[in-house]
Amino acid sequence: MNRYKFNDIENRLGVYFNNPSLIKTALTHSSFGNQFKDAKYNERLEFLGDSVLQLCITEYLFNKFKDKSEGELTKIRSLIVCENSLYEIAKKLSLGEYIRMSKGEELTGGRERMSIQADAVEAVIAAVYLDKGIGFVNDFILLHFEEMINKAINNEIVLDFKTKLQELLQKDGEILIQYELLKYEGPPHRRKFFTNVIINEKVMGIGEGYSKKEAEQNAAKEALKRLEKNYE
């Protein structure tokens, strides 16, 4: 990571590292370590960051919502720290631009892959914790996860839009839901898919994504937005 990129990611995160090697490692995928044998990669930091994130979110929810049960708090926390939520945080911070990975991984779409970006968020959290301590990283997490926390509390995070759509439509009995691949474009390593969702022979949503599954989920998400007002 060159000096320009290092300064840029520090500015995006709002963290200025005493030990720059921590953030460099946090943004190094294991494929890069396989290609360059001396490179340290982020899997150990990811392991630590997962626990730090869980602790900070758990403590925040425990202190904030004294009237909620253990089950309710667990559900809210699971929405905040799930892969989908971490991916949204990664996109907001543009972490994908800074992750070091092998050329092979990048050519197969690794830079856009949800799991790689979500893992990088956890690794960055660990890097901040090791460099700045628990108080600082707690503030860091609450700052960058504030929107996700509010969405989880208000039950606005849906992990599986296709299932949510199915459940919503079951209220009206048997309804036929179909997903149709419209087209795909781009080179094989960066192919984007476009899909629509058809409900009782009517197109209700169109979605796109870097996999067929992601495109279908986004189509279902659009359909939900159009339909849910009718069920309020």
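Heads up, the Cβ atoms here are built off N, Cα and C, so glycines get one too.
Swiss-Prot annotations:
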- Asp50: active site (ACT_SITE)
- Glu122: active site (ACT_SITE)
- Glu46, Asp119, Glu122: Mg(2+) binding site (BINDING)
- 6-133: domain 'RNase III' (DOMAIN)
- 160-229: domain 'DRBM' (DOMAIN)
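Feature map: annotations from Swiss-Prot on the structure.
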residue : record              : Cβ neighbours (10 Å)
Glu46   : Mg(2+) binding site : 20
Asp50   : active site         : 18
Asp119  : Mg(2+) binding site : 26
Glu122  : active site         : 26
> Between 0 and 100, where does the mean pLDDT of the domain 'RNase III' (6-133) sit?
Replying inline: 92
> From the centroid of the CB atoms of Glu46, Asp119, Glu122, the recorded Mg(2+) site, which same-chain residues not already listed sit within 8 A by their CB, in sequence order?
Replying inline: Asn42, Glu43, Leu45, Phe47, Gly49, Asp50, Leu86, Ala118, Ala120, Val121, Ala123, Ala126
>> Can you break down the domain 'DRBM' (160-229) into helix, strand and coil residue counts using DSSP?
In response: 33 helix, 25 strand, 12 coil
>> Using the alpha carbons only, what distance in Å do you get between Glu122 (active site) and Glu46 (Mg(2+) binding site) once rounded?
In response: 5
> From the Cα of Asp50 (active site) across to the Cα of Asp119 (Mg(2+) binding site), what is the distance in angstrom?
Replying inline: 9
>> Based on DSSP, tally up the residues of the domain 'RNase III' (6-133) by helix, strand and coil.
In response: 96 helix, 2 strand, 30 coil
